[in-house]
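Note sheet for the following structure.
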């Protein structure tokens, strides 16, 4: 196949992966917001456990159909990944509860520099000046859109710190494990989803009771609320899979940067479906700045020297030939 043809095929795959992730991620946010706002189902951690149960069932079906081949992931790496992932989920929920919306958004934005730090430290990534500046512009735009009041307290800061670092480590580990053990997105999900499902279903009701003072066994399930829960779990299969696909194709930093397009879409859809009070000139200006930064990041990071590995960091299978290429 000609180089241009390969590049076109990769570009089409990249667009499809991002589109899949954006649609499912935005969709699940809208569905979960409706589930909580309309039916009072505030058991976010337990709901996430249900999401991974559905995802685990999907991986079983795919394995039966032959789309997931036998693979190996050491128990130590599996447990480390699940620990980061579960701390990320619980940490984000606690951070949202203990912090103002403004500080919660600032904490989420700080995941980009933390992810950059991980790539520089572990993968020897080097960023060009334009790439760094484009990331700053994205952060500025999203901050203008989302950050309002900012108040900090000690326990809220600790929760945000744990949430940010665990999320960044979990996303970095997705990319790392796929390269190190030559795992596809399906294979990695097949290893991690059942363990996450079991651990979150076990701990979820306790965490949710601690956060909300409500017990899930006292929730009055109705047919409409069950429909929304099933819909949430169904969309979550695509969300979980698309996250692994995107981070596997790109890196945690690129996933975070371009992923802020989801924040913009959520703001727009929230305006369309939940009222007009969320949209004002500040939000619109922030959206324009953020989108400009994302386009700049895409161009800057794809140029020679925009984002490169400085030395060999991991050599496993077919990936070793790409270690000094653009990422």
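Each residue's number is its place along the chain shown, starting with 1.
Any Cβ shown, glycine's included, is placed from N, Cα and C.
The annotation transmembrane segment is assigned in TrEMBL to 12-35 (among others).
TrEMBL lists 24-297 with the feature domain 'Sugar phosphate transporter'.
Proximity of distant same-chain residues to the transmembrane segment (41-66), defined by a Cβ-Cβ separation under 8 Å and at least 6 residues beyond the stretch ends, is recorded for 32, 35, 89-90, 93, 186, 189-190, 193-194, 196-197, 199-201, 203-205, 207-208, 211-212, 214, 216, 219, 225, 228-229, 232-234, 236-237, 239-241. For 41-66 (among others), the entry in TrEMBL reads transmembrane segment.
Marked as transmembrane segment by TrEMBL: 78-96 (among others).
Annotated transmembrane segment per TrEMBL: 133-150 (among others), in sequence order.
Taken from TrEMBL, the feature transmembrane segment covers 156-174 (among others).
Residues annotated as transmembrane segment in TrEMBL: 186-207 (among others).
Among the features that TrEMBL reports, transmembrane segment is placed at 219-241 (among others). Sequence-distant neighbours of the transmembrane segment (219-241) (same chain, 6+ residues past either end, Cβ-Cβ under 8 Å): 20-21, 23-25, 27-28, 31-32, 34-35, 38-41, 43, 47-48, 50-55, 58, 185-186, 189, 193.
Under the heading transmembrane segment, TrEMBL lists 253-275 (among others).
Per TrEMBL, the feature transmembrane segment maps to 281-300 (among others). Residues 128, 130-131, 133-146, 254, 257-258, 260-261, 263-264, 267-268, 306 of the same chain lie 6 or more positions beyond the ends of the transmembrane segment (281-300) yet place their CB under 8 Å from a CB of it.
As annotated by TrEMBL, region 'Disordered' applies to 303-327.
At the 8 Å Cβ cutoff, the transmembrane segment (12-35) and the transmembrane segment (133-150) share fewer than 3 close pairs (sequence separation 6 or more) and do not count as touching.
Counting Cβ pairs closer than 8 Å and at least 6 residues apart in sequence, the transmembrane segment (78-96) and the transmembrane segment (186-207) reach three or more and so form a contact.
Within the chain carrying the transmembrane segment (156-174), a Cβ under 8 angstroms from the stretch's Cβ atoms is held by residues 80-81, 84-85, 87-88, 91-92, 94-95, 98-99, 103-104, 107-108, 110-111, 114-115, 118-119, 122, 188, 243-244, 247-248, 252, 255-256, all 6 or more beyond its ends.
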